[in-house]
Amino acid sequence: MTVSLFDQFMSPTLLGVPLIALAITLPWIMYPAPTARWLNSRFLALQGWFINRFTQQLLLPLSLGGHKWAALLTSLMIFLITMNMLGLLPYTFTPTTQLSLNLGLATPLWLATVIIGMRNQPTHALGHLLPEGTPGPLIPVLIVIETISLFIRPLALGVRLTANLTAGHLLIQLISTAAFVLLASMPVVALLTSTVLVLLTLLEVAVAMIQAYVFVLLLTLYLQENV
């Protein structure tokens, strides 16, 4: 039973070819490209409004040096939201439940923020490893702790996104299985379980959007420390 529950997180294959590349490419196909016309469709107008509002909210705490990351962070946000939302549909696969993919997104971006900080302001970047006013005997211990905290950031980013999405999918699988089994023997209980399933699905839609926002927001905070 445990193996069958976790089978949904295995990368699907067709004729021996992994389909994770198709699942990652699909979000970019769904969004139409802006046109040169004066009047766009309602969907394009809504898409442009969302991107502008998100970019404004995202770059609010950043200095002017961090505004160069606007296109990258906005694209990453839309990409993660789309993959998380598509994974809630039946007979689909969620690439962001794979820790390897999330670490592959988090590690280069985190490393880029660290390199930018070391290049632009090395003294300020290294100063984060030792809080001001630290007693002398605690200096070596705090340097080690802050260094570990710095290098564990990409792991925390990837694990947070993976764990939240995996837990939500497992709960949906368990509750839907319970509702299906109880339908024949206890219809009333099955109806209540189905109600919980609908509410949980709505919650997972919110979690899919919030976790994508948190992922990009934490990258923004890391960037702010080094810009």
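Each residue, glycine too, has its Cβ placed from N, Cα and C.
Now, the feature entries from TrEMBL:
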TRANSMEM  12-31  transmembrane segment
TRANSMEM  69-89  transmembrane segment
TRANSMEM  101-118  transmembrane segment
TRANSMEM  138-158  transmembrane segment
TRANSMEM  170-192  transmembrane segment
TRANSMEM  198-223  transmembrane segment
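Same-chain residues lying 6 or more positions outside the transmembrane segment (101-118) and placing a CB less than 8 Å from one of its CB atoms are 20, 24, 76, 95, 124-126, 150, 153-155, 157-159, 161-162, 215, 219, 222-223, 225-227.
Taking residue pairs at least 6 apart in sequence, the transmembrane segment (138-158) and the transmembrane segment (69-89) share fewer than three C-beta contacts under 8 angstroms. The recorded stretches the transmembrane segment (198-223) and the transmembrane segment (12-31) do not share 3+ CB pairs below 8 A when only pairs 6 or more apart in sequence are counted, and are therefore not in contact. If one looks beyond the transmembrane segment (138-158) by at least 6 residues along the same chain, the residues whose Cβ comes under 8 Å of a Cβ in the stretch are 99, 102-103, 105-107, 110-111, 114, 128-131, 215, 218-219, 222.
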